[in-house]
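To keep things clear, I will list the structure first and then write my remarks on it.
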Amino acid sequence: MALPIIVKWGGQEYSVTTLSEDDTVLDLKQFLKTLTGVLPERQKLLGLKVKGKPAENDVKLGALKLKPNTKIMMMGTREESLEDVLGPPPDNDDVVNDFDIEDEVVEVENREENLLKISRRVKEYKVEILNPPREGKKLLVLDVDYTLFDHRSCAETGVELMRPYLHEFLTSAYEDYDIVIWSATNMKWIEAKMKELGVSTNANYKITFMLDSAAMITVHTPRRGLIDVKPLGVIWGKFSEFYSKKNTIMFDDIGRNFLMNPQNGLKIRPFMKAHLNRDKDKELLKLTQYLKEIAKLDDFLDLNHKYWERYLSKKQGQ
């Protein structure tokens, strides 16, 4: 019986339709080699487990109880020259085509149709609380791709693509902020990424909850047409006793994602080409200090996060 599987690797999805339940995990890896060029011994397939343990190569696919078109994430690097591995990743339209949001804010932020969409998300979107909100803490909302790790470069493990100082950053932030992850992908991939990076299991901090693309809304802008955004109003509507405009900050490498809440957004520099930039990227180290400084404030509304480095430099010079 044919068992169609979808494998995600290097920012692309590959459809596997020629294997059956009698084929083995090694057969799957051999087939993926023809699609991706990654040798079987270099492949790590996330989510293929038997009795809670990673499936060995000789395990038959039928024993994994996979549903048709199950999506699997693959980690692994091609056997190619280091120069090729370090080459530029595919163009990311979200980064290249991002635009300055300031001109569009007035027309979008308070439009009734957009506020109604947020109200629907507040009512209908189900949030799985991983750790209860803490009284008196501020809120830090974090994007994933290009913010916390480089999701386009190739590597054997997610840790190789992790942004430098990630765990130190989250540990420090957790002292003053509840931490929420919000990615424009689906929850399965978010959970897999957080597990691979060691975020969801770290003992030094806790994630309050995670949001996926289903919590986003589509808005119409005069110049850019329809775009998807991350409205913080969804969080504020669901957790109004804890979070508001006054105590929330959101990091994202794509400025338009906080088009509905520009006052609360900080556009972080994207972390790309991890192999080249791992030793040079200090963004999270500096932002750790910024979060610590503004945590002293009762109200974030007087801040302009666009100039966060200037603010930090001024405070540290006092």
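Even glycines carry a Cβ here, placed using N, Cα and C.
The N-acetylalanine annotation in Swiss-Prot covers A2. Annotation source Swiss-Prot lists domain 'Ubiquitin-like' at 3-81. Marked as N6-acetyllysine by Swiss-Prot on the basis of a large-scale study or a structure entry: K117. Residues or ranges marked as domain 'FCP1 homology' by Swiss-Prot: 133-294. The Mg(2+) binding site feature in Swiss-Prot is assigned to D143, D145, D253; the stated evidence is similarity to another entry.
Positions of the features from Swiss-Prot, shown on the structure.
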{"residue": "A2", "record": "N-acetylalanine", "DSSP class": "strand"}
{"residue": "K117", "record": "N6-acetyllysine", "DSSP class": "helix"}
{"residue": "D143", "record": "Mg(2+) binding site", "DSSP class": "coil"}
{"residue": "D253", "record": "Mg(2+) binding site", "DSSP class": "coil"}
Exercise. Provide the number of Cβ atoms within 10 Å of the Cβ of D143 (Mg(2+) binding site), excluding the reference atom itself.
Key: 21
Quiz item: In the structure shown, which of the recorded positions A2, K117, D253 has the fewest Cβ neighbours within 10 Å?
Solution: A2
Quiz item: Within 10 Å of the Cβ of D145 (Mg(2+) binding site), how many other Cβ atoms can be counted across all chains shown?
Solution: 24
Practice problem: Compute the C-alpha separation of the residue listed as 'N6-acetyllysine' from D143 (Mg(2+) binding site), stating it in Å without decimals. | Solution: 21
Quiz item: Could you give the Cα-Cα distance between D145 (Mg(2+) binding site) and the residue listed as 'N-acetylalanine', in whole Å?
Solution: 33
Quiz item: With a radius of 8 angstroms around the mean position of the C-beta atoms of D143, D145, D253, what other residues of the same chain does the Mg(2+) site pick up?
Solution: V144, Y146, T147, L148, S183, D252, I254, I268, P270
Quiz prompt | Between D143 (Mg(2+) binding site) and A2 (N-acetylalanine): CA-CA distance (Å) | solution = 37
